[in-house]
Structures are given as C-alpha cells and as structure tokens.
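**Student:** Structure incoming, see below.
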C-alpha cells in the first residue's frame, strides 16, 4: 500500500481523506527507516512491534526464498518444511554470512544481509551508549562468549603466525577467573593457559600485576600470544586491572583480549574497558548478548579500538551460521531504542545499593556478613560459615536454594577441586587456591526489579534459617 | 523499504545489485496489490502467507490506533490491553462498520475500512466462481446464517411497513426444514412462521408447491412478508424448488429469502439460486462463511440480484461489529485465490460419488440401504432400522458414533417431538411428521478428503456391527 | 508432559531433580486452573502469556476438529483452510453457541464450550469489581452494544407478547441521547421510539423525569415496552437519573433497559446502575467489551439483577456466532486479573481531575471555558464559540483536529439536522434541539495515560490557535 | 486441563460426556509423548502444529525463567526484553549446553535440556532413516558445517596431542573440493591442508586414491591428523571414494572426517558413508541441518560409528550456544515424522531422472550437452562453451541468470584463480587446475518439485537463448 497508484485505487473504496491520513502513517514508517539507515544508530525511542514486524517483512520479501517467482536450483535454497519454523524466523531462512566471512553479504539474501549489517551498526551504538565510546567497530557473532574468545585468539594466532614456527606464540596469560568456558576457549584453541593467581585485598581478589609482568618476562614476550583479562565476574573477585594490563601488553607487544561477558551493564566495567582501549593495547573485547541485552542465549558482540582486527575475526569464521542471535538482537535493539536501553542501565545502577543493603541485612540477621568487594558492582557475596555449624559444609545450602526456587546464586566452599581440560584447580569456584571461608554469591543483573530483590532476599532469609537449624545453629 | 531513498541507503550496506533485486520483489508485491485494488476480484493464484501478512501490516498501520503520534481523546480509541489479542487481530482493533451502517467507512480506521470493502468485493467474486453469477452485490455480515436471515427479514419488513398497520405483513411461508436457527430467526424477528409440509417422492422429501400456493391464497399475499426457502439441507430432504418458488413470489408480489447456508459448495444449488435470481423474485440469499469457505464459525455472506436491497440490509445493522468474520474470510480468500477455491470445489464434486458408493456399501453390508435422494448432493442417508432390531430405537447409535470419534452424522428416528419458540413439531429432525423409518445422515462437505471418507466409513461399519450385535441382530 | 509416566521417562534424559522441579511448575499451572474453575472468578493476579496460551492449547485440543483421529462427516467440521486463520483463532474454530442458545454447549467442541462458560463467569466478576455488585448473571454477546440493545428489547417483547395483540407493547421511551446505534436498535426491532427531551441544568442536560412520567401516562403503561436509559454519554449530557427511572418502571410495570455502553469505567455510573438494580426495575444492562475492557470492537456484556431474564436473551439468539469477542475478552481477563483491572480503573479515576484541569486551561487560554457538567466524569466539553469568530461555524475545527492526528474529539455546532431511520432530529449531536453554542467534547477513557493527555491538550491548544487565527480572532 | 480434578470441575460447566471426550484427546496427546520419550525415535506420522506447540509450551514451563515464583539472582536469568523475541523462541531462552559441554543438561532449564537430548535422539533416527544405519550416536551442533568440521578436527587434535610435540599431527589430506568453508575450517584450526588433486574420468572428477596414499607415505602417517573426504559436492566432481579412504585411514592409523554436507538426501551418499563406518575408519561424519532437513541455516549433525568420540566433540565446545538450530530441527522432525521424511527423500529420488533429462534437453537445444557424471546424483552440469561464442567467457551468464530470478546455479569458467587463507588455487570452482571447458551446474535438492524443475529449465532455456544471441551465436 506504499505506492501512489495503490493509494489512489484505495481511495476508490474509502474516502480519500482517510486514505491520505493512512498513507501519511505509512510514510512516517518509511521515514523512521530512513533515519535508521542514514544514521546507522539506535532510534532514540523504541519502535512498536507492528513497525518492527513490518520491517522484518520487508527484509524477508527481499530474500530470494520468498520471491514469488524464484527458480531455485541450488543445493541450499532456504526451503523450510515447517510453518512453525518459518514463522518463528520471520521467513528469514538464509542465515548469516558466506563461506568467506560471517559478516559477508549473501547475493541470494539481500534482506538477511541488510539485517546483519544493520545489526552490527546498532550493536556498536549500544556499546557506545553503555560507555565503550572508544570502540570503533563491532560485530555480532552467532556464538556465545566462550566461542567468541576462541575466535579472537585464533585470529590473533593467525596474525602472529611465524612461518616455520607454527607454534611459537602459544601461551595465554590468564589472571585466574573460575569459569569453565573461558578456560576451555584457550585449550580448545590449542593454546597453553598460564594461570596468574589473584592477589587478596581484604575479602577481595584482584589482578596480581607484578606476578603477571614477572611471568611475561619469564616466558618471554615473543612466546606469549596474549593476556586474557576479565571484567565482569563473580565476587569476591573484582574486575581485573584492565587498564594497567593494556599498558603492559602495549609495552611488551603482546596481544590482549578482554572477557567483558556481562560487563556492559556496569558503567564501572565499561569505563575500564574504554580507558584500556585508549591508553594501552586491546585487540578484542567480548560481551555476551544475552547477559547484556536481554535476548536468549547464543550470541556475542566483539569489539575493539582497531576496526581492521575486529573485521578479521569475522573473516576467520568458516561458513554460514544461524541468524538467530542477530535477529533477536536486532529486534530487541529496535524495541528498546536508545532511551529504553538507557533506562534499563539506569534502573540497574539505581537498584545496586538496595540489593547490597538487603543482602547485608539478611547476612547480619544470621550472624554472617557481606564481604567487602569494592571492584565489583554486579556480584555480591555473604559469608555462610556460621550457618554451616560444626559440619562446616555449605554444599547442601545450594540444593536447598535450588529446590526453593532460587536460581543464580552460587555456594562456594573454597575447597572444591576440579580438573578442566586436563588442568587441575584447587579451591575451584573461589578464584583462589584457598579462600578463607564458604560464601554465597548473588548478582544484581540488568532486568532485575525491586520486587525480584525482595522475593530473593525473603526466600534467602528463610532458607538460611532452615539451613542453620538443620545444622544445629541457633 | 519501499522508498527509493531507503533502497539507495540500503545499497550503502549491501551490494546495490542485490538490493535492486530485493526491491523488485517489493515492487512485485505492490503490483499484486494493484491488481487486487483495480480488478476488485480474487487473485488467480493464492498469495503466500508472508504477502498476506504484509498487506495486513500495511492496513493496520493505516488505522489511527497504530499511528505513532496519534492523540486519542475519544471513548473508543481501540486500545488493546493484551499483546496476545493485539497479535491475533493483526493490530486491526476498530472492528467494522459505524453506527449508521455495517459497511460504512470509519474515519479513524482507513485500513480496517478498506479491508471491509475489499472483502465484500472478493466475496462477490467467490460467489461468481461458485456459480451464482447473477449476484450483483454481496456483503459479509459479522453474524452467522440464522442472524443473517433475521436481518434480511427485518429489512424486508422495514421496506414493507405500512403506516398505521405496523403488523400487516407478518407471515413467513416456510417449506419445512428441521433446523432450529432458521426457524428461530423468523420468531425472533417477531414474524409468524407458517409451515408448509414437504411432499414425499420415494425416499425423498421435496417442496410441496401446490400447498405453498394454496397457503398464499389462503392467507392473502398482502399479509405475507416472504417465503423462506432452503437449498442445502440434511437428506432425505432435497433442496427446495427454488426457481418455481421465485416465480410464485414474483407472481404474487411477496418477498423471497433463500437460505443457501452451505449450498455454495454444490454446483446444483448454485445453479438453482442463479436461475431463481434471473427468472423470479429473490430479495436475499444467505450463505455461511464457515460452511462454504473453511473459516471459523461466525460470518455469512448475503447477496442478491438487487444491489440496493442488499445494501439496505447492511444499513439496518445497528452499530459496529467484530471484524473477525471479515478478517478470516479476507485472509482465506487471498490464501486460496480463484484457483485454490475452484480446486476445493472440484475436489468435493469428484469425491461425492465415492462417498455415496462407500456409504452404500456399508449399508448393504448390514442389510440396510442408501436412501434414494436425487436432489441433494451434499447430504446422504442410509436406513438403520434393521440394525435396531426389536427395540426399533436408533438413538443409542448416535452416542456410540460420538464416543467413537465420529462427528457430524445425525441419527433420525422420525419419532422425536420438539417445541421451538413455542411451536410444536412432530417427527422433528426428519423434516416430516412421520418419516417411514430411522436413518443416519452424513455429509460430503467441502474440505473432506478421500482419507476422511475411508476413516469415516470404516468406523461407521464397525459401529454398526457393534450396534447390531448389541441389539441381538446377526 | 503432565503424566507421571512421562516425567519418569523424561528423567531418563535429564537429571530427575531438574525434571521434578519442572514438573512442579506444570502442576502449579494446573493449580491456577483449578482455582479458576473452582472459584469461577478472576485470578487475583493476571496470568502470564505462556500460561494463557497453554490453557487455550488445552481447550483447543478438546475440540473435535483438533482430535487426531476424528472422523468428521458433517456439513460443518470446523475445517480451516488458512494457517494464518487457524493460528489467530488458537485452533478454536467452532464458534460459540448452538442453534438453540448462544450460551449453549456444543458437543463437538468441549473446549470452546468451556471457554464460553468461563468467560461469562469471569465477565460477571469483572462487573462486580467495577461496582455492579447486584448483577446476578452476565453473558457475553458476540455483538456490539447496538445489537445487544436490540436483543434485550426483542426478548422483552417476546416475553410481553399478548396472543392476538402482537403489537400491543410497541413504544420505547427514550431520554434523548444523540447516538445513532441505540436509536437504530429500537427501530430495527420494529418498535416505536418516543423521544423524551432532556432538561437543561446550567450547561448540563439531564433526564426530564416529569416529562417521562407524563409520557407514560399519556401513552398508557400497557402500551409501553420499556424505557431505554443511558449512563455513559457525551457531555454536556449527564448520565440519566437511572435510579429514579428504575423506580418509575417498577411502579408502572414497564420494562427498563440500561445502555451502560462505557459506564463500567466510571464508579459513578456503576454505582447508579447498582442502585437501580436494587431499588427499582431493570431488565437488562448492556456494556461494550471494547470500550470497557480494552479489547477489539465486537462484543458486549449483558447483565441484570434477574438471572432468568438474562439467560432468556441468550436463548433468543438464532444460531451460532463468532467466538472472537469471547476469546478476546477471556484472554484479556486472564491477562489483567483482578488486580490489573482495578489498576486500570484506579488510573483512570486518578487521571480525570488532571484531564479536566488541563482541558480547562486550554479553554481559558483561548477565551473559552470548560462547561460545567457534574454528572459525567468521562466526557468533558469546552465552548469553542469565541474561536469561531464572525463565521460562527465550528465544523472546520473538526477537520483540522482530524488532520493533525487528534482522534475522538467531537465538534458540536448544535445546529445540525439529522434524519435517522426516518425520524428527524434538530440540533443532532447536542442531545437537544437548540443547545446554546458550539462546543468540543473529549473523553478521559480507560487506558488513557498522562502522556496521552499532554499530547492531546498540546495539540488542541495549537489547533485552536490556528483555528482562531484562520477566523480572524486574535 | 490435565488433572482429574480440573476435568471434574470442567464438567460443572460443560456436560461431562463432552469433557470426557476432550480429556481423552488430552490423554492421547500425552500418549504420543510417551511413545516419543520411551522409544526415542521419530513418530511414524508427523505431529500437527497444535500438538507441537503444546509440547513446546510444556517444555518452556519447565524452564526456570518461566516459573511464576522464580527468584532469580544470577547474572543470566534468561530475561527477555522483547515479546516478539520471547514468542519466536517459544519462551525457551536458556540456549543449549553448559560451560562444560554443548550437550550438557542445565539445572535451570529442565525443559530446554530435555529438548536438546530428544533432538539428538531423533536426529540419530533421521540418519538411520536416510540410510546411515551404522551411526551409533549423533549430536546436533548449533553451528553450520564448516564450524562442525573445525570442531571435529580440533577434537581429533586434542585426542592426538603428544606432550612436548604440540604440533606433531598437523597435516590434513584433502581431496580437492572447491568450497571455501571446508578449506577454511582446516586453516582456522591451525592445521596444514594438503591438497590431493582429483583424477579425471571422462567428464567426471574423482578421488585419486593412489596420489592420496603416496602423500600419506611421503608425509609420514604419524604427522597426519586426518583425511577430510567429501561426499555431496558440485558436479562434475563425484563423491569421494569414501569407503576406500576409510580403509586406507584404518591401515595407516590416521583420522578420517567425512564432509557429508547435503549427502543425506542421496541414498548413494548414505550408502557410501554407512559402508565406510563399517569397513574402515571414520571418526566423524558431518551433515548440514538446513541442506538436509529443510530448516533455516545454522546447524549441523555430527555422527560416527564410535559414540565416545562423537560425545567428545560436544565436550570440546566452550560454553553455551543458541538453541535455534536444535529447536528448528526438533519442530521439523516432529512435523515430518518418519513417513514425512521418507516421502521427501523418495520424492527427490523420483525427481532426479526428470531433472537430468530436462536439463539435458535444454543443453541439446543450444548445442551443448549434459556432462557425464555417474557418481553424483544431486548436482548436474551442462557445458556452456558453445553459447559463449568467440568471447569464450561464461561469467556474464551468471549475472543474467541471477537477474532473471534463477538462484543456485553456478557458472564455472575453469579459469578462475582464488586465494583462500593464503593458499592459491588455479581453476577455482572446478575442483581442478584446468577443467576442459566452461559449464553450468545445478542441483536437484530435497524439497524441489516438478513445478520447480519446469520453472527452472524454462527460464534457463530462455536465458541461454539470450546469452547466445548476445554472443552472436545463432
């Protein structure tokens, strides 16, 4: 109903004045799209669902599988057997990328290709809104954080490969963060992780910069592919001293990949990353789409200060991939708009003090305490040692919370041993071989509401009481 | 993505050649719409669901409730609380019609209004395809057949009202058809039904034209509002002698409303109706949307040879109404296209002999027989008297079929008594006071497949065996 | 996944503890449903969309058209041609009602039938929440207000019909309200409207009780079918003196139908209706579903203090009907819950003073004034005579507002003449033959937000300025 | 509506007999699910969409993000901002896998976890139906073929890693197939591809077994990670001599990965793979989900004769991933059922001779010929040299076909040079350095219909005529 001709014909059915007003609305939709395409940035205000669906419909109709008269004679023509599936992918069935490049344009799928390009532009804008203003390029990868780290390191490796010495740069220096995926990403890449234990600062654990530099010198910068640093993490680990690490990497000419998994929601993390981009060396910084942007699991955004390197990562990806992560993010970004995303960030920031205080109150009520961690404003911990009683074992508290419908908390005994991809860890979960006592961590993450906090602390309180009582603690 | 400007901008993201091909596809969608609006007829081939959804999206965006900057200060602004509801109505929430006229255009809702107008045009074309080529106008009413009959008669009454004698034309002559809605439609209208019993012709029951004419003369044409004749009906009643009735109505200057509920699927019925339009008097002919066009229950199409009268019916409707019947039909007509609808009609016609033969075989196998009914090619009957054994009661067979997952068959004992709106009927269900014996009727209706027939007759066979055995019949 | 057997088998794939937790969630859904079925009232808190969809899925699977092994051999088997249509009706294709009764249960469609019954129960609860606590029964009709009024009057008429004097009770006394549908509903029913002009009380127009009683005596109570009174209406008409009318109807033994179209949102209207139910005669009270419950246009709720009469109305309806209005309402009631509906009512009530004050400010700014109307807290008026300048014509202001995206306001000149169904009206739109001057009315309806008010008054202000300037008024 | 209690309550609204029948239908749905869970195989007949949606609804409700009273305090609670996104993922937002293993069960998401496990079981059954009966295990990876090959090789490498000699097994022997993704998968893995040129056999190109064995001996088996062989490919390359390769790999104790990208649709390919599993060494065989099962791009199925190795690949995957490929496949497998999938396979097989003959006819008509390729029954070629005329350049034919809406054909000049990941190829696209002449390839792939073939060959014919004429060829 976009063409003048059709609007004219429509006026043969319905009063022209009304059709004109309707046509104005259609035009105003086109103008919103013009802004999007011209500015390549988030709309200030989120789009309504009808407008989003209409854009997706336009994009779908631009893909060859939806051409009414397409004659498809390839081995992959995006034929879809199930209507349920066709509807859920909005008729966009060609996936993303081509053999050459995950960001490449597909001749058969102009609409899908445009969606990918736009998604990357808007994602960069999201990063800017969140505070990583020095990011010069971003691509949305159809893989979660662990895989994105793997790709970043493989790309670094490909760039650093010395003919005849395929295995020269094989070490990754890794300030310890007890999370399996990131550790596996190094091993799966065929690299050798070198653990840098954290330094304790009161309750908190932080990057041991001196140990890191010592290790650089010990192994030799020429043999080190990169440092893999981490911002967002479970307390009582604080975010890494990323800026200092970036400077160290610059000084010794070694790579630097930042695992900023859910750090976009914290202005402290984004400030850190932004500074590191400016003042030292960062090759790539990876963030999860689901943990930061409230979409289903499955994607990540990779960005950096150097556009060429970021693009290179996309080019390493072999073959096509699912469009689901990009599509989910595209819809969500249009839905939120700049204002909606800011509002989510602001709401979380405003909720943090309340979350921390309520958590501290519950701890106090049970003779426990909030651990002091000044460099982490997403994850918080309370000690649970007293509630364990004579047994000293906190493990059962985890099951109790699970069965009472509390999800996302972690009980850390500090005594667990784990073997990951052949590497042994003591005190796994605690980011340290021997953390002083058992604790519980919980997160105040984006999308949480005050009601969520109240529900959580109420249930935690009740569970701690039962747990204490079960352990004979009065 | 319709404007040149936006396509140009899109070419800044994706190779221009690909965007151009995508834009061609968008334009080809616009052209399909141009055909629809210009020709006001069914497309030859059905549209794919994506195209239908895009058109509905366009229409929705033309309704004021979806204008991004609408300032609504009325008592009815089509605000919708539930997203599920909003999605299921495709954002078209203004309903159809205005206080004055169910077909009227709504200033606030150009898109919804256009949908209504188009639906009426396409529905007329469906009627033409089905064979009612003499229909000059059609409107889709958001009420089922019974209510549509009521409206047709109220309109006739309003037109015939003699000042000072409000109740003059109060009789409706009604060749008996044992179906409650149509009977109630007369009573609810405040009219007085006059039953014309059917004449037996072998197994079959048909219009007793002589009795009808005699009654006209007895009551006096001036006191008779109309004849309410019926085409599609349960066998062994045949369709009425509609053409002769039309001539009789013309001769005596009395109204004529045809209840063609599910007759569009039978070329015999449509031929009859079409002839009646041409050679006698018919004021309105009513058909069900669900029974003819495979949409959910709820609408009817009212047509006639005289455009003015049909429009008058729409004008009688007080207030707005749900758009659901029109929307369902609009989608379905675009989905089927002329070819798809024809294919459905042809498939049914081709299935009829098979259905009848298979039914006859089952009857034979149980010592029963197919009743001979030459003027009904939708509904067929078999006797079930022998299977009833000494009891003579067929009622239980109905429950047995129901509990074995057979729906739509009717067991007629011929002995039931019923009181409808105060009127007493003997032999209700059999269209006659005393039909010779019990029978079962079943229909070969549009959308039925050969597999459906096989499933049905197989289960009927098994049930008759059990029923006979239960009755001690070997 | 509801049966123990299936959950046990599932534990062969996924840890039993997790499956048990999932099964708890399924059971908790069943419990919510138990509450609904046992209490037959709105849930306190709205259901999430997933839960609503699962219930609809259960209901659909209970309808025969969705039985996997159904053998359908009827003329109406709810076959649906288009997947888009099937999805949008949630596979519930059998409509509502049976030939006998719009509330009747359909053997083929247990799920659809249950939906209808539940909807009626929940709708009654909504009425109670809104304040009509004396309503003893409610049914949701698949027709809008105008048609529901028609049905109420036809039912009254059927009940009152005196053998031999079919046309005895033919008058409807109607305190004038300038809205076409309700007027047409009387004429379409074949009744004779008798207009009772309103009495002016300052700016406001109210029921002229004395004139009403005089007319009763003049025509003779035995010849009067009913009074059709109105609550919600466009200012400066106030709601009718419904309680007094109810007492008068009781005294003279004449029927009483209340048009409470969008009155549920105003506690003043519901209080009035509730009192009338208790202290006088009311046969039926009709409310719109779209105007009160934020669903698409198409349904109405009819209630009354006398259960038997309300049920009788349902029984008059000839044939089946669309389930769309019931389905939309059912979903919306589950979505809102009691708390959600109350919140909507409270929000509107709280917004009214702001709306009125802002409107008054705009009027003042242009030398106009808010009309004083104390018996209408939904619709408000401002004079616009000064802005018309010498021309004195306000009509053009309407077009200006329309083209500036303001919907729902009405410009009343007080001089319009109209002919509706043969009856002539002077001053149509103003509820009076000669209202003193031109005015604009606007409504503060349920679902409106403060932002909507601001947008509206801002645009009104701007338009009045342009209009004044166009008329040479400084 | 599953519990006895609720059905009993429902019978308080609707006749108990009808509710019982509805409840039977609900139970029959549960039984279908029991079969699925107990047999872990495809249902014989596909499920209807309503049943599929209800199962997905059950699974969703078993995930913690949909628990009504969940208290989420983690950094990832599957909160979803956009309703459009939530609907399209059927409320299943937790993705698949855990840090440790892509097939691992997620405690927070019992429903999603069950979906993953079931999907793997059903996918294995699909492989069996297609003919790979010796597959003992299958997992669905949320990455396309290229990435799956990469993971298979990384897993082989991890298993083969010799302490102290991290880079020992670094060669991959690769019978040339001109497709970028598979080549890149080797390079991205950090491995060294060794190209084994194909041997010509008439028009056809096939594995040069002698050259392959010679290279094994030249490089030394101990230095070779694996052979990467290919079944489905663009003609005139035939599928590799996979069985012989498998025996050779067994003999020399080197790995073997089969790229069976779209080979499941050809019984010739599946027979080959199945034999190779039995009679030699195959570590992993990879197939695309979109190319074989008519789902959107994005997943692959990896299978093998050795369950432990296949599981190992899953364990290598670092972190979680999108559930989109698994969900699409799960829905599609339930939709098709065993019968539906077989019907698709049979339809393709039956279409191949027609496709080939029609293609040959077009070739003949233009003085060209169908190339003789006996070991490829998906892709077919015709020469296009004569049509190129004096220019000898076929490139433009590709653009012409593209702009005429023909997708999926490839024009191969045999003269193209390409550099992929640093490696240079002559004659790229032709699987050979110097293929005799230019040709066009086209595929008869699963889902293609006779109408598609007719449309394609008709348009090809027309385009060749125009192309010839453009080149001055009469």
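Glycine is treated like the rest: Cβ placed from N, Cα and C.
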**Student:** What does TrEMBL list, out of B:278, B:281, B:320, as binding the same substrate as B:98, B:99, B:106?
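**Tutor:** Only hit among B:278, B:281, B:320 in TrEMBL's substrate site, alongside B:98, B:99, B:106: B:320.
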**Student:** Looking at the candidate ranges B:139-160, B:161-182, B:183-204, report the one that TrEMBL labels transmembrane segment.
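**Tutor:** When B:139-160, B:161-182, B:183-204 are checked in TrEMBL, transmembrane segment belongs to B:139-160.
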**Student:** For the transmembrane segment (B:139-160), what are the same-chain contacts with Cβ under 8 Å, counting residues 6+ beyond its ends?
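**Tutor:** Contacts of the transmembrane segment (B:139-160) (Cβ under 8 Å, skipping residues fewer than 6 from its ends): 96, 102-103, 116, 119-120, 123, 168-169, 172, 181-182, 184-186, 188-189, 191, 225-226, 228, 255, 257, 259, 261, 283-284, 286-290, 297-303, 309-314, 316-317, 321-326, 329.
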**Student:** How far is it from residue B:320 (substrate binding site) to residue B:278 (tRNA binding site), counting Cα to Cα, in Å?
**Tutor:** 33
**Student:** DSSP three-state call for residue B:278 (tRNA binding site): helix, strand or coil?
**Tutor:** helix
**Student:** Measuring Cα to Cα, how many Å separate residue B:99 (substrate binding site) from residue B:76 (pyridoxal 5'-phosphate binding site)?
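**Tutor:** Distance (Cα to Cα, whole Å): 13 Å.
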**Student:** What is the separation, in Å, between the Cα atoms of residue B:106 (substrate binding site) and residue B:404 (tRNA binding site)?
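**Tutor:** Pair distance, Cα basis, whole Å: 49 Å.
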**Student:** For residue B:98 (substrate binding site), just give me the three-state DSSP call.
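**Tutor:** SS state of residue B:98 (substrate binding site) = strand.
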**Student:** Which of the three DSSP states, helix, strand or coil, fits residue B:291 (N6-(pyridoxal phosphate)lysine)?
**Tutor:** helix
**Student:** Roughly how many Å separate the Cα of residue B:404 (tRNA binding site) from that of residue B:98 (substrate binding site), to the nearest whole number?
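**Tutor:** Cα-Cα distance, residue B:404 (tRNA binding site) to residue B:98 (substrate binding site): 47 Å.
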**Student:** By a simple count, how many Cβ atoms lie within 10 Å of the Cβ of residue B:320 (substrate binding site), its own Cβ left out?
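**Tutor:** For residue B:320 (substrate binding site), the 10 Å Cβ neighbour count is 27.
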**Student:** In sequence order, which same-chain residues at least six apart have a C-beta under 8 angstroms from residue B:278 (tRNA binding site)?
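**Tutor:** Once residues fewer than 6 apart are set aside, residue B:278 (tRNA binding site) is near B:134, B:305.
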**Student:** If you count Cβ atoms within 10 Å of the Cβ of residue B:99 (substrate binding site), leaving out that atom itself, what do you get?
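**Tutor:** I get 19 for this one.
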**Student:** Just name the winner among B:76, B:98, B:291, B:404 (the recorded positions) by count of other CB atoms within 10 A of its CB.
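**Tutor:** Counting Cβ neighbours within 10 Å, the top one is B:291.
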**Student:** Rounded to a whole number, what is the top Cα to Cα distance in Å among the residues the record ties to substrate, namely B:98, B:99, B:106, B:320?
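**Tutor:** Max span of the substrate binding residues, Cα based, is 10 Å.
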**Student:** Would you mind reading off the Cα separation of residue B:76 (pyridoxal 5'-phosphate binding site) from residue B:291 (N6-(pyridoxal phosphate)lysine), to the nearest angstrom?
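**Tutor:** Cα-Cα, rounded: 33 Å.
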**Student:** Can you tell me the CA-to-CA distance separating residue B:291 (N6-(pyridoxal phosphate)lysine) and residue B:98 (substrate binding site), as a whole number of Å?
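**Tutor:** Distance between the two Cα atoms comes out at 27 Å.
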